[in-house]
C-alpha cells in the first residue's frame, strides 16, 4: 500500500500509533527533566535534615562543624554572583538561594544549643559591638565563625554578599574574573566536607555526625556530577563535582575507621 507523500518526499501523514509513541516519549522526557530539576533544587538541602534532627534529639552540636555552613554560604553566594557573568540553568540558581536559607537555619540551631550548654558564664564573642571592640577582641581571627550570637553570623554573611556584589559589578566585563569566580564558587562547595573530615580526624571519632547525612551527600553529589555532564554544564561544575564525591568517600571511610572510638570528652564523663 502506497503512503501519501507531500512535495518534500516525506509522508504527509504519520500512523496514529507512531504519533502516540512520539507524544508519550516527549511527555516522559518532560517528566524526567522536571524531576531532575526538582532533585537538583532540593537535593542539596535534604542531607541536612537528618543532621538537624540529630542535633535536636541529642541537644548536642559538637559532632557537626559550623565551617561546613561557612563553606556552603561562601560557595552559594559566589555561585549566584557567577550567574550574572555566565548564565547557567535556573534550578542551580534556585538551589543556591535555598541552600543559603538552610545554612542559616542550621547555624541558628547550633548557636542555640551551644548557648544552652554553657555552664560557666563567659564573655560573649560577637562580630561587632558598639563599645570596647578591641578590649573584647571581637575581631580576633581566633574567634572568627565561633561567635556566640546568631546575629553575628547573619551580619558576616550579609557583609560577604555586599562586598562580593560590589566587586562583581565592577569586574563583570572581565572574562577571566568571571571564570575565576565560577571556579572559586564550585571549588569551595567541593571542599565543604573538609571541615567535617578534619573534625573527625582530630577527635578520632564520628560521634554526633549523622552518617545518613554523609550518605545522602554522596548520593546527591554523584547524581549532581552526572547531571552536570549530561546537561553539558560549564566544566567548573563537573570537575568540582568529582572532587566533592572524593571528599564524601573519605568521610565515609572515617566512619568505618573510627567506628569503635569514643571521643575523649564522653569517656571522661563516664569516669
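From the backbone N, Cα and C atoms, a Cβ is placed for every residue, glycine too.
Caution: TrEMBL annotation is automatic and unverified by curators.
Taking TrEMBL as the reference, the stretch among 64-85, 130-151 described by the feature transmembrane segment is residues 64-85.
The listed stretches are 91-111, 176-197, 209-229; of these, 176-197 has the most Cβ pairs under 8 Å to the transmembrane segment (64-85).
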